[in-house]
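These notes concern the structure reproduced below.
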């Protein structure tokens with residue numbers, strides 16, 4: 001909201017990058033300065049941190065969270081703003097930008113989950129925090145160094161205020177009939193919209209009750225309230241709200257995909273811990289398999305750009321091979337396969353536990369953890385299609401002056417998906433443990449039925465995919481002029 005309303009994406013990125021940098025420096029100090037670090041453990045006695053030490057530590061953590069929250073929705077939209085939609089070549093390049101933006105994010109995730117974690121475990125937390133802090137500083141310098149090359153878009157004012165104005169203006173005229181001729185609705189005669197940095201939007205036939213906000217009543221003319229936005233709004237302003245309402249079902253049906261993705265860091269790990277993690281003398285930590293998701297995502301970017309897009313373009317006729325909604329649908333379909341693969345592996349694991357008489361024993365089953373690779377690989381492929389598709393969709397379909405706000409929607413659906421995952425887990429546990437039963441997700445997974453849980457998720461994913469396809473087929477893309 002800050003970026004769209006007043007600061008603009010450039011200064012929002014600059015401000016919140018600085019906040020993130022200060023947070024990382026604070027964490028580095030906490031790990032380096034003895035007075036900010038709790039006293040070392042003596043035998044099994046570990047003194048608690050003082051109130052001041054805890055305050056400084058959490059201050060640093062919250063600064064990082066605030067900084068990242070301000071940066072993430074702006075980075076992708078500001079990067080996409082560097083491409084001119086009216087230029088056919090740059091429009092195609094913008095599609096590739098989202099792919100390579102996703103590639104860069106996963107490169108960062110790979111470095112942080114391998115090199116930085118190794119430094120923290122083997123060298124120390126001071127350097128483990130210090131290296132990311134240094135990189136955060138380099139990032140800020142790199143961002144500012146490109147300033148002379150950037151294309152800037154002026155902020156268009158508060159999008160929330162404009163939404164409220166449309167709702168209030170339409171409510172004021174609830175008893176009026178909307179004219180069948182859209183040319184009778186109010187719009188400026190200027191080449192550009194009254195909203196700073198926004199192109200005009202063409203009138204659409206959906207949600208016609210909102211068109212009342214753009215009707216000029218006799219009272220508006222006699223009281224000279226023609227330019228009061230709380231009484232009369234332009235067609236473009238009304239269409240902004242219509243676009244947000246039309247995008248809502250798409251956003252809602254992508255929440256469950258994030259719920260599926262959340263299983264990678266929860267039940268997938270639980271499953272892996274009950275499998276054979278040894279390969280010869282080497283042991284694979286179950287959590288390390290999550291790196292396959294990152295590696296797989298990195299693999300898909302060049303393959304998609306160089307092989308899949310040219311091939312798909314011949315059949316779909318689309319510049320980027322698939323539309324944004326088609327990419328999301330492909331990702332949702334692959335997520336169904338992912339949960340099905342996890343269920344099949346769990347069925348095999350439980351069968352082996354029964355054959356070896358290990359059902360009552362809370363021990364790992366001699367089934368190699370490498371059998372989990374397909375589900376991690378499928379999840380990585382699903383994430384590539386669904387995540388990038390969501391980024392492109394919410395950027396391209398958003399009104400010009402609301403692009404940062406709409407670019408935050410995929411992040412919002414990710415957060416809601418994680419909360420939904422916790423809710424489903426709680427409900428399933430509660431229902432399946434009635435009557436003293438072990439439940440699907442028992443403390444001892446060998447006597448539980450984690451396979452039922454995976455099949456349940458696979459079924460929900462399939463239903464969610466069908467709902468998404470239904471809404472996507474009915475979706476009407478925006479028109480701007």
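Cβ atoms here come from the backbone N, Cα and C positions, even for glycine.
It should be emphasised that the depicted structure is a prediction, and the values quoted were computed from it without experimental measurement.
Quick look at what TrEMBL lists:
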type     : residues : note
TRANSMEM : 12-31    : transmembrane segment
TRANSMEM : 51-75    : transmembrane segment
TRANSMEM : 96-119   : transmembrane segment
TRANSMEM : 125-144  : transmembrane segment
TRANSMEM : 243-264  : transmembrane segment
TRANSMEM : 284-304  : transmembrane segment
TRANSMEM : 325-345  : transmembrane segment
TRANSMEM : 365-388  : transmembrane segment
TRANSMEM : 409-432  : transmembrane segment
TRANSMEM : 452-472  : transmembrane segment
Residues sitting near the transmembrane segment (96-119): Cβ under 8 Å, six or more positions beyond its termini, same chain?
75-76, 79-80, 82-83, 127-128, 131-132, 290-291, 294-295, 297-298, 301, 304-305, 320, 384, 387-388, 391-392, 395
Contact call for the transmembrane segment (284-304) and the transmembrane segment (365-388): at least 3 Cβ pairs under 8 Å, seq gap 6+:
yes
Do any residues, 6 or more residues outside the transmembrane segment (409-432), come within under 8 Å Cβ-to-Cβ of it, and if so which ones?
72-73, 247, 251, 254-263, 266-267, 387, 390-391, 394, 439-441, 449, 453, 456
At a C-beta cut-off of under 8 Å, are there same-chain residues at least 6 beyond the transmembrane segment (452-472) that contact it? List them, or none.
249-250, 253-254, 256-257, 260, 263, 267, 325, 328-329, 332-333, 335-336, 339-340, 342-343, 346, 428, 440-441
Within this structure, do the transmembrane segment (125-144) and the transmembrane segment (12-31) have 3 or more Cβ pairs under 8 angstroms, counting pairs 6 or more apart in sequence?
yes
Which sequence-distant residues neighbour the transmembrane segment (325-345)? Criterion: at least 6 residues beyond either end, Cβ under 8 Å.
250, 254, 257, 260-261, 263, 268, 271, 316, 367, 371-372, 374-375, 378-379, 381-390, 392-393, 451, 454-455, 457-458, 461-462, 464-465, 468-469, 472, 475
